[in-house]
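Here is what TrEMBL says about this protein:
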- D38: active site, proton acceptor (ACT_SITE)
- D178: active site, proton donor (ACT_SITE)
- S11, H69, G149, F150, G151, G152, G180, G200, S201: substrate binding site (BINDING)
- H36, D38, H69, D178: divalent metal cation binding site (BINDING)
Amino acid sequence: MAAAAAKIAPSMLSSDFANLAAEAERMVRFGAEWLHMDIMDGHFVPNLTIGAPVIESLRKHTKAYLDCHLMVTNPLDYVDPLAKAGASGFTFHIEVAKEYWQELIRSIKSKGMRPGVALKPTTPVEEVFSLVEAEDPVELVLVMTVEPGFGGQKFMPEMMEKVRALRNKYPALDIEVDGGLGPSTIDAAASAGANCIVAGSSIFGATEPAEVINILRKSVEGAQQN
């Protein structure tokens, strides 16, 4: 079975929001496969970020894959607006969707988006196994490597056990990591089996963002060859 392809997803939360279209274009030019969009409701996490109107505005300026991470209490409410806005991926948190994830996945797929599930650091990895193995499965699992809600936190290496467990169980699954990823932490994530890498300040704060994107990708591809 082929390894899941490396996908580098700059976290647009770290970009210059006054120039979002230009920042998106710059990241794609530098080699990013995806653009990671953090949607927070001020309830599931204390922070409040963007919603469907910003996705809709950005979509007019880019053909890039918009990888939307929903840190919200009621993800079902966001399916229609985000689909209309042009979201590509819709990743919800298992912590809020335990009772109705089948309905949520079907709804996401019916709107032409790719469903993913995320788990916070305190959530056991076993909670997402049934979603990957379902008749209508998620197509991505996002392992949070920091507490969701704020940028700039330190990478939690102990989360790599979750990544390793997922990769051993599901060789072709897209496994995403988000939080504290950069040149100093990428090898730990890549060797554990992560292939979708979200990075914010390490890319946007770099003198040469294209070089950082390249380092992240090479680490994933190198780990897959070992």
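Heads up, the Cβ atoms here are built off N, Cα and C, so glycines get one too.
Candidate binding-site residues: G149, G180. Fewest other C-beta atoms within 10 angstroms, G149. In sequence order, A9, S11, L13, M37, D67, C68, T91, L142, V198 are the residues of the same chain, not among H36, D38, H69, D178, whose CB sits within 8 A of the CB centroid for the divalent metal cation site. Proximity to the residue listed as 'active site, proton donor', judged by a C-alpha distance within 10 Å, picks out S11 from the binding-site residues S11, G149, S201.
For the binding-site residues listed here (S11, S201), the lowest count of other CB atoms within 10 A around the CB belongs to S201.
Ranking the binding-site residues S11, G149, G180, S201 by Cα distance from H36 (divalent metal cation binding site) puts S11 first.
The CA atom of G180 (substrate binding site) is located 15 Å away from the CA atom of the residue listed as 'active site, proton acceptor'.
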